[in-house]
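Visitor: Can you keep this structure in mind? I'll have questions shortly.
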């Protein structure tokens with residue numbers, strides 16, 4: 001009874017409120033309507049159940065007389081209607097309402113109308129009580145800090161070494177008359193003794209010309225150039241590499257002197273000092289030189305600081321350690337300023353030397369991989385997860401720390417980690433955070449060692465300090481000391497690191513997505529629950545004002561509802577097709593002046609051929625079966641009503657035009673759900689070991705070995721000089737040695753004699769070489785043949801002169817004498833008659849004068865050579881001779897006849 005009293009009070013309050021509202025409506029309806037109110041006559045027929053006025057034209061339709069409508073032009077609102085007394089004028093001035101409604105239905109074909117009968121109370125519902133919302137999931141035990149990640153050091157230990165050896169070459173040559181042939185070449189490499197390295201090479205920059213070594217358990221000695229022992233100067237190599245230098249004593253190979261048809265031997269000893277790179281890998285029991293030579297001794301072996309326990313495979317007399325050794329630069333002859341401890345080892349092929357250093361500070365089995373400024377440590381079950389956005393990686397470790405004492409040769413880990421952490425802290429966190437304790441070390445999956453320094457902000461640090469002081473005051477004064485570490489006597493081991501980091505990156509991706517999704521779903525669930533509880537309170541109050549809308553939104557379909565105390569009675573609404581609904585164009589009540597309908601009147605059919613039902617348009621396309629929504633008519637009336645998929649606009653209680661939903665600005669009532677989308681995260685390329693590290697991890701660099709072996713001849717030998725075998729070399733060598741023993745005078749005489757002999761030998765050698773050349777022999781043969789041919793023709797000509805001088809000297813004249821057509825010929829031939837004595841005398845005279853002319857020309861030619869006086873004498877002689885001779889002959893014409901040309 002106590003609980004029902006307030007409810008009855010509220011119901012009586014509602015009843016009295018409705019009664020007062022009804023009286024107000026009646027008083028307002030009794031007032032006369034405005035004389036200028038349009039549409040009264042048009043609405044009268046519709047209100048009395050008459051036919052509705054046709055609908056106005058659709059928006060955007062052009063007038064009847066305009067053949068070219070403009071596109072995208074909104075229809076102009078119709079002119080204000082005339083007074084209600086002229087219904088025909090109103091119908092003619094306005095477009096029909098039915099055409100407008102057809103256009104709206106065509107644009108929104110999915111809009112339906114509903115007829116909702118009043119609920120009877122047969123079905124009642126109630127709202128659920130507010131639920132208890134879940135709490136937001138708390139995060140894990142997160143700790144921020146600085147981390148340095150270490151990986152296995154696969155790089156070898158590198159150091160500089162010096163090789164001392166002598167290349168011994170013994171060549172056997174057989175000399176023929178025109179060629180030389182190698183019958184055998186023996187090459188070997190001998191080590192340099194310790195004394196020669198220290199006293200000769202390092203002290204003076206010289207090397208002995210002999211090589212003493214053991215082969216097949218026999219000690220043998222090789223002499224350079226097959227001569228006695230001397231000191232040879234070391235000179236830089238021809239082509240030095242970027243990583244090493246070299247020195248040697250000779251460029252050319254020594255070949256024996258030429259002695260034909262004999263086998264000769266020649267020995268070359270080339271002392272070579274070469275700086276090379278050496279490398280050794282864990283456990284550092286041996287090292288290899290850049291030349292490919294292995295040394296089966298630890299590079300840290302020695303006689304100091306317990307290094308004699310390191311591995312060695314050689315006898316004790318083959319090794320020597322020199323303290324206070326000052327190395328010398330063989331190029332500049334400069335001596336080092338600081339002494340070193342020098343190790344020297346002799347092998348059967350070479351002697352190697354290097355500077356000794358202790359093993360502990362020099363090598364480390366772990367190396368620094370990544371420095372992480374922000375590393376987040378979280379606890380998941382029985383493991384720690386170290387995550388970093390900078391490297392997109394998550395490492396999983398145990399909850400217990402990993403002692404550094406278990407890492408073999410791990411002295412560098414603590415130092416490198418502290419240096420990196422101090423540098424990062426000073427750069428980023430010095431003003432905002434403090435360090436919590438000492439660095440912690442954890443062994444992660446995959447063989448990564450994580451050095452982690454936890455950090456704490458200054459604000460939290462102050463709170464923790466206060467709480468710590470408070471707890472310390474409650475503890476007993478003498479706490480028990482912690483037990484010693486269980487790993488104090490643990491054996492050392494080497495950590496093996498995997499070459500791939502993909503598993504850690506996949507773990508990071510999974511953790512990133514899991515954390516984001518879980519946090520997002522947790523926030524969504526909490527927000528959704530709280531929102532539902534808030535809306536439930538609003539719905540409980542809103543159902544009292546509009547139970548139909550609240551019930552429809554709750555049930556999910558159109559229903560009608562009314563309150564029955566604290567519950568709602570609901571009834572299902574019947575859908576009506578949009579084509580079966582017609583709206584009236586007037587909202588005035590003709591029988592009651594001053595009263596108007598507050599919502600438009602409609603006529604509809606439940607079925608296409610069913611009877612017409614009169615009603616009133618409700619909210620949200622609801623078709624009310626009653627027309628009791630009445631209000632007093634007011635001036636300046638403007639209303640928009642939802643009709644189908646759009647709106648109809650009434651002005652002064654008369655239809656004006658229709659609008660689509662797009663013409664009305666929409667105000668959203670939805671609350672945006674603040675869900676953070678998964679952020680884009682780019683994975684940067686991350687390599688545990690680079691290609692250079694992997695390539696450099698081996699003990700032997702085959703590329704460097706091949707390069708050095710192929711450059712050896714180029715560096716320590718002259719490959720461009722060619723020595724030709726000379727048969728006279730032995731003779732010249734003997735003459736040179738003979739004159740060398742006679743002092744300075746003998747050397748001077750020897751130079752002259754050897755020069756003359758050399759010229760003669762060169763000339764003979766030149767002729768011999770020319771004759772030995774195929775082209776030279778051919779040329780000589782051709783010249784000999786040409787000489788023989790010339791001698792033959794000369795001999796023949798002389799014989800002709802002796803037998804017939806005239807025919808030999810004057811062959812053309814002789815031919816004319818033989819020609820029978822010549823009128824001067826006697827016609828008798830040589831066989832007929834005797835010669836003419838007169839003509840014979842003339843011929844003899846002509847020959848005598850020809851000899852005289854020839855003598856005069858020779859005299860004149862000689863006078864020209866001797867000078868002017870002789871020339872004058874020749875002229876005078878010529879004049880005398882001209883006066884003495886008689887011109888008893890005529891000059892023979894120079895032109896030959898055609899017959900002579902034919903004879904020729």
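Using N, Cα and C of the backbone, Cβ positions are placed for all residues, glycine too.
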Visitor: From 166-172, 173-179, 180-186, 187-193, which range did Swiss-Prot mark with region 'Involved in fusion and/or binding to host membrane'?
Guide: 173-179
Visitor: In Swiss-Prot, which of the ranges 877-880, 881-884, 885-888, 889-892 has the motif 'Internalization motif' annotation?
Guide: 889-892
Visitor: Which stretch does Swiss-Prot mark as region 'Disordered', out of 447-469, 470-492, 493-515?
Guide: 470-492
Visitor: Can you check which of 242-249, 250-257, 258-265, 266-273 Swiss-Prot lists as region 'Involved in fusion and/or binding to host membrane'?
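Guide: When 242-249, 250-257, 258-265, 266-273 are checked in Swiss-Prot, region 'Involved in fusion and/or binding to host membrane' belongs to 258-265.
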Visitor: Need the matching range: Swiss-Prot marks region 'Hydrophobic membrane proximal region' on one of 719-772, 773-826, and I'd like to know which.
Guide: 719-772
Visitor: What range among 841-844, 845-848, 849-852, 853-856 does Swiss-Prot describe as motif 'Golgi targeting'?
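Guide: Within the set 841-844, 845-848, 849-852, 853-856, Swiss-Prot attaches motif 'Golgi targeting' to 849-852.
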Visitor: Between 31-88, 89-146, which stretch does Swiss-Prot give the note region 'Disordered'?
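Guide: In Swiss-Prot, the region 'Disordered' feature sits at 31-88.
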Visitor: Among all protein chains shown, how many Cβ atoms are found within 10 Å of the Cβ of residue 430 (N-linked glycosylation site), not counting that one?
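Guide: A 10 Å sphere around the Cβ of residue 430 (N-linked glycosylation site) contains 10 other Cβ atoms.
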Visitor: Here are the glycosylation sites: 141, 398. Which has the lowest count of other Cβ atoms within 10 Å?
Guide: 141
Visitor: Return the average pLDDT for the topological domain 'Virion surface' (31-774) as a whole number.
Guide: 78
Visitor: What whole-number Å value do you get for the CA-CA distance of residue 430 (N-linked glycosylation site) and residue 141 (N-linked glycosylation site)?
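Guide: The separation of the Cα atoms works out to 24 Å.
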